[in-house]
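Everything on this sheet refers to the single structure shown next.
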Amino acid sequence: MNIQEYFSRISFDGSHKDADLQTLTAIFQHHIQAIPFENLSMHCGETIDLDLQATYNKIVKKKRGGWCMETNYLLFWALKEMGYDICVLGGNSYEPAKKAYTDEINHILLKVVIKGSSYIVDAGFGGGPYQTWLPMLLISGKDQPQIPGIFRFIEDNGIWYLEKVKRKHYVPEGSVPLTDNPEMGNIRKLYSFTLEPKHIDDFQELNAYLQVAPDTILQKKSICSLQTTDGFYALVGWTFSEMKYKYKEDADLLQTTTLTDEEVEKTLKDKFNIVLENKLIPVNVRG
């Protein structure tokens with residue numbers, strides 16, 4: 001594994017001699033704009049190994065993406081190599097249908113400490129408009145505006161909660177809007193976490209379980225999403241979506257199209273720079 005090869009993969013050629021916030025922000029943004037959040041392996045007959053060398057080979061050498069445990073694991077390795085004070089944390093994602101956080105940890109995120117201040121860095125929550133674009137200062141109750149919207153942490157009795165203020169979608173004629181629950185109000189809860197450091201091996205069982213559990217969104221939907229300079233692309237099953245943030249003062253532009261199987265393959269190559277070794281079986285089960 002080679003840090004320069006990783007820099008090339010994310011198209012980063014800036015200075016990295018200082019493990020500071022400016023460099024962290026640059027690496028993070030290059031990472032999320034080059035490495036898709038995707039679960040395509042489980043929909044084309046591949047096994048996902050939570051092993052650093054396997055993750056490196058998949059994402060850096062084969063130019064694939066990965067789900068949270070892969071893309072954040074790679075980012076953890078890179079930042080560690082660069083000299084950052086960093087640790088892995090475990091998160092419990094919010095399930096809107098159940099109006100509750102999951103009982104078990106099902107997400108990986110990273111905590112970076114710079115000059116005594118802690119920042120949360122998460123490159124693996126990219127299946128929609130909830131991917132942060134900047135490292136988030138670990139402070140409770142403070143709005144942290146970013147291009148995708150306003151994020152904030154709320155801390156309660158040692159548990160931290162990440163939420164985002166929703167923005168309106170401007171949907172041109174002929175497009176189909178993303179589904180959401182209007183009764184949930186203006187705030188979208190994302191996940192909870194504690195500051196207890198984790199080891200990557202703590203997620204081996206989860207990594208294996210998510211590949212076979214029948215009722216998870218990862219089984220029900222083939223997902224590939226990538227942040228762009230002004231929004232994101234998302235391919236869910238046969239539905240391709242493109243969002244541009246702040247298209248209007250109070251709304252983001254959302255355009256969606258339905259693709260054929262052949263167009264799915266072409267879109268993966270053209271929009272996400274992904275060429276799969278095995279045949280993808282697109283999936284998009286509602287609910």
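Cβ coordinates come from backbone N, Cα and C, glycine included.
Quick look at what Swiss-Prot annotates:
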- Cys68: active site, acyl-thioester intermediate (ACT_SITE)
- His107: active site (ACT_SITE)
- Asp122: active site (ACT_SITE)
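Features per Swiss-Prot, on structure.
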{"residue": "Cys68", "record": "active site, acyl-thioester intermediate", "DSSP class": "helix"}
{"residue": "His107", "record": "active site", "DSSP class": "strand"}
{"residue": "Asp122", "record": "active site", "DSSP class": "coil"}
Next item on the list: Note down the number of other Cβ atoms within 10 Å of the Cβ of the residue listed as 'active site, acyl-thioester intermediate', including every protein chain shown.
Entry: 23
Margin query: Suppose we draw a 10 Å sphere around the Cβ of Asp122 (active site). How many other Cβ atoms does it contain, all chains included?
Written below: 28
Next item on the list: With an 8 Å cut-off on Cβ-Cβ distance and a minimum sequence separation of at least 6, pull the same-chain contacts of His107 (active site), or say none.
Entry: Cys68, Gly90, Gly91, Asn92, Ser93, Gly124, Phe125, Tyr191, Phe193
